[in-house]
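Copied over from TrEMBL, here are the features:
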{"type": "TRANSMEM", "residues": "24-45", "note": "transmembrane segment"}
{"type": "TRANSMEM", "residues": "51-70", "note": "transmembrane segment"}
{"type": "TRANSMEM", "residues": "82-100", "note": "transmembrane segment"}
{"type": "TRANSMEM", "residues": "116-134", "note": "transmembrane segment"}
{"type": "TRANSMEM", "residues": "154-172", "note": "transmembrane segment"}
{"type": "TRANSMEM", "residues": "204-225", "note": "transmembrane segment"}
{"type": "TRANSMEM", "residues": "232-251", "note": "transmembrane segment"}
{"type": "TRANSMEM", "residues": "257-274", "note": "transmembrane segment"}
{"type": "TRANSMEM", "residues": "281-300", "note": "transmembrane segment"}
{"type": "TRANSMEM", "residues": "397-418", "note": "transmembrane segment"}
{"type": "TRANSMEM", "residues": "430-450", "note": "transmembrane segment"}
{"type": "TRANSMEM", "residues": "456-475", "note": "transmembrane segment"}
């Protein structure tokens with residue numbers, strides 16, 4: 001069969017017909033770096049820690065806005081990039097909460113510790129901004145990323161497959177009773193029947209399929225933009241499952257999960273807009289932005305008690321929840337790590353990379369796999385009984401100080417830039433889903449490098465299905481000439 005004339009396949013060589021690279025402008029980067037320098041030089045030890053960070057948050061926020069303005073001069077499509085997702089996510093994780101009053105923060109760090117934390121963070125921002133202009137890879141789509149054999153008509157089928165894989169274990173753990181499932185979602189975060197142990201067992205294979213839930217939002221964005229190609233009941237089902245996915249992410253109380261859902265939805269939606277304009281771009285981003293801010297205000301309040309009790313006791317009406325915006329105080333963790341390494345603990349070196357690379361391997365296949373770092377973030381900051389995040393900046397500093405922060409930031413910037421450039425060669429909805437999942441990886445990597453390899457599994461899974469089992473999607477394997 002001559003696939004070049006088959007309606008399932010694009011024209012030969014279409015994966016190498018670029019639409020124009022989305023890339024950062026030098027004017028935008030220089031403006032951003034100037035803002036970082038201003039923030040760096042304006043740090044004053046005479047201010048309280050919270051006010052010190054608030055001043056930096058305002059200056060860096062303005063710098064990001066000015067940078068986005070310059071980048072948008074090349075068109076709205078030029079803003080749909082992985083590096084920009086990284087910078088916005090890092091700002092959200094570290095600085096956005098300081099736009100609100102944070103008097104509690106003054107009791108956590110000294111002005112000197114706060115200053116050192118801010119300096120490490122600003123250097124990380126600068127590394128991301130500079131790294132995105134470094135091109136080590138040629139502007140062509142690698143063969144292993146070519147999913148042009150999957151037509152758009154297969155998107156709905158794959159949406160259903162993803163939903164089945166993502167939620168099969170959850171439904172199985174409640175005997176496929178939807179009422180029990182909703183009750184569990186409304187209960188405490190750590191009491192759900194589908195939760196996994198610290199070390200995991202054979203069920204880890206089923207629980208890890210939950211990663212396919214990150215495919216659902218990006219597919220929703222793409223299917224919505226191409227809704228003329230689908231029937232009404234299909235669109236309704238897609239929206240229903242997407243709404244359930246957002247609810248599940250919200251009820252779970254894990255903000256980075258909900259944030260990743262939103263990031264992948266926006267990735268799929270924005271990458272497939274035919275004629276972007278301010279109405280189609282700004283309004284969806286504003287709605288999703290409000291959603292994540294609203295969720296952030298409440299998720300910390302109910303994840304221990306559950307939504308049901310949270311509503312029944314009117315805990316949402318307390319000053320603790322309503323008075324301010326709380327994210328994670330990641331800057332506090334960064335400050336304590338900078339203070340502890342290397343004066344109290346030796347730098348970890350490549351140890352973190354070993355944990356980072358082996359994270360996706362199930363322990364049932366490798367019983368002697370390292371359980372974690374020799375000295376954890378929780379031990380350093382004095383957290384007992386809960387997990388602590390310090391963003392990739394804090395983890396990088398544990399590896400090798402400021403030098404490691406610079407190198408890791410540059411590498412992330414380079415990879416984010418390369419991934420954004422591959423979007424120019426995507427011609428089918430399926431390949432755009434693969435690319436949109438890079439937004440998920442971008443967001444999650446800002447919170448923790450250790451989660452980076454795990455976040456790549458959905459991307460590898462989609463590529464594996466397209467290359468090995470295209471029949472599942474109702475298409476034939478793309479034959480090479």
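Glycine too: its Cβ is placed from the backbone N, Cα and C atoms.
Highest Cβ contact count with the transmembrane segment (82-100) among the listed stretches 204-225, 232-251, 397-418, 430-450 falls to 430-450 (criterion: pairs under 8 Å).
Only pairs six or more apart in sequence are counted, and the transmembrane segment (154-172) with the transmembrane segment (232-251) gives three or more Cβ pairs under 8 Å, enough to call it a contact. Sequence-distant contacts of the transmembrane segment (397-418), counting only residues of its own chain at least 6 positions beyond either end whose CB sits under 8 Å from a CB of the stretch, comprise 23-24, 81-83, 85-86, 120, 123-137, 334, 337-338, 341-342, 347-353, 373, 377, 438, 442, 445, 449. Remote same-chain partners of the transmembrane segment (232-251), defined as residues 6 or more beyond its termini with a Cβ less than 8 Å from a stretch Cβ, comprise 156, 159, 163, 166, 185-186, 213, 216-217, 219-220, 223-224, 257-258, 261-262, 265, 291, 295, 299, 307. If one looks beyond the transmembrane segment (204-225) by at least 6 residues along the same chain, the residues whose Cβ comes under 8 Å of a Cβ in the stretch are 155-156, 158-159, 162-163, 165-170, 172, 194, 196, 234-235, 238-239, 241-242, 245-246, 248-249, 260-262, 264-274, 362-364, 429, 432-433, 436-437, 439-440, 454-455, 457-458, 461-462.
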